[in-house]
Amino acid sequence: MKPVSGASDTERSSARKDEGHDGEPAEVHYPPLVRNLILRAMCGVYLVAFLSFYVQAEGLYSNSGILPASRVLANGTIQEQFNLLRLAPLLGLDSFSMVDLFCLAGSVIAFLGLVFSDLCRLQSFIAMWTFYFSLVQISQSFRQQSDELLLEAGFLCILLAPSKLSDPRSPIEDLALLLMKWLLFRFVFASGSVKLASGCPLWWDLTGLKRHFETMPLPTSYSWYTYQQPDGLHRLSTIYVYLSELVCSWLFFAPNQKVRMFAMWWQVFLHLNIIGSGNYGFLSLIVLTLLLTLVDDRELVRTQVKKEPRKEDKRGALTVKVISISMVIGTWLMFGVGYKNGELAFKLLFNRSQYLNMMQMMLRAAPLLVLSLMVQKFLKIVNKQAGVKTVADGIRKLSENWQLFLPTVAAFAVLFTSIVPHLQLTQSTAISSSILTKPYQGLHNLFVVNQYGQHLIKMRPKRLEIILEYSDELTGPWHEYGFQYKPWSQGGSMPYAWVYFPRFDFKFYDASVSKPHNQKWLYPLVQRLLQNEPTVVKLLDEDNVPSRPPKFIRASLYHFSYTSWFDGNSTTFWTRERVNDYFPAYTLADGFLETKLNDIGIPATASTPEAMNLPLKLLMDGVRNFLGIFEGSLLVLGVLMAAFVMILTQRRN
């Protein structure tokens, strides 16, 4: 295994010289390989996020789009009115051209940071976080969990990143890495704990994962093939997910490197399957990046030189074996695994009350564990202050060094406020005191601290899909709009978006179980489609849209089900059955849509603002016209491939 951001030969030699014959001394200085690797990987995640936002931004947020950015910037909250996109007039641009500028600037900074490790600096991460935060503020109904997770992880990268890679290691680095590990734990543990805590019968009878493959937002063909597996294997896979999220997550804090590496590869396998089975964009990329916090610099240095196994390695290997055996035995005891009538049989030997009691204990224990580790690392920082004789003296000197003191205060502020969403996973552990809830709300408004796992509380029993239909007559015939990634026809494929995130298609998943009047973005969508607005039409499958504006558009709700491997129709993924109307036929003639758009502050007819900075405006338009010829997933994969080719070329040279 070679680290992407390698150390120099001198650094590796220096690290080796500090080692004794019988093992490592108490204090060994290693090059910050893990830090550099995390920062470089985060640049890759930012690159995917900025490009994904850019591809669909014109149809979603331009003045002719579904939810124009100018609407938020003009009428938003106080927080949104401080958005840097409001500086557009100073550059002679309209709001959407500024969105394009932020996407492209963020992409360039991220690309350079990914290719050239020397550019993974504090300034770069401040710029990328600021740009993406401004974009998320205007994302409105199309904001997703991955946006919030990226901003929280990105803020921690600001604490982690040095001004220059040649700078000495900052004492705050250990605190930042621990907070990243805590974020990883919170996300993984929340994803698992809410499943059984909700009391959803599908999670309790171990069929939740099979149902998930059919009802996930944007499934792929891998989901269909996985769905066809025997029920016993699906139940066993569901138990694997529970172990991954409820048990394996605690190993993130293990003191032994071998144990943490065991946890890391366990999670890598899980998230590679998540990437293959569903188009979740860059969500799993963030998790995979956070998993790098489980690796030690020492371990990466040791891969450069063959060494005899140490006692610590042998103890770790033995511990991993004990943990593995314990998991197998625990699974057999807790889930009543057996064999009946030629199939695997299961019977949960605990009830919801017992599970909630155990979960409450774990919820309370986790912050105490992390706090104790934070205090240890803080005292280490204090003791490293020059001329320190007592802790009080060290704290005083620390407070005088504002470059170290302010990040330390920020780190502890993030830790204490993050306890609030962590304990909100159950009502009995939720914090009501305003001492923590108010600061949490403030940081949550900045997406610095967020809550995760709530979308997994209840599994959907069936898949409902919204199908848009158009016609020139109320009596028909009605034709269907096609979608790029969302299931919409029986004969349609389920394409891979890979790490590209199609947030337009994703939003229909939320809307399908909600009433139309709760999804206000649908009204401007229909208005733009009735006008055959090109920027919005590009969000759809352009092979299945009308060539001229239709007179009527309606939506139907369909129940989609997977076909069976054994029904002789394995080339078709779906069967579908119409359930009812989702919303009635709308037309421009009666003025209903125009009234709805006025109510939510969107002009019924798009206007094109004049740009004072014509050269910059033409540059933004030219770049969009050029990149617009590439489909979203191909654009993202192409740019990533170019970055990796440049990295390999550097290493070869």
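From the backbone N, Cα and C atoms, a Cβ is placed for every residue, glycine too.
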Looking at 316-335, 496-515, which one does TrEMBL call transmembrane segment?
316-335
Using DSSP, what's the helix, strand and coil tally for the domain 'Lipase maturation factor 1/2 C-terminal' (448-584)?
31 helix, 35 strand, 71 coil
Could you tell me the mean pLDDT the prediction assigns to the domain 'Lipase maturation factor 1/2 N-terminal' (144-300)?
94
Compare 37-55, 236-254, 316-335, 626-648 by their Cβ pairs under 8 Å to the transmembrane segment (274-295) and return the stretch that comes out on top.
37-55
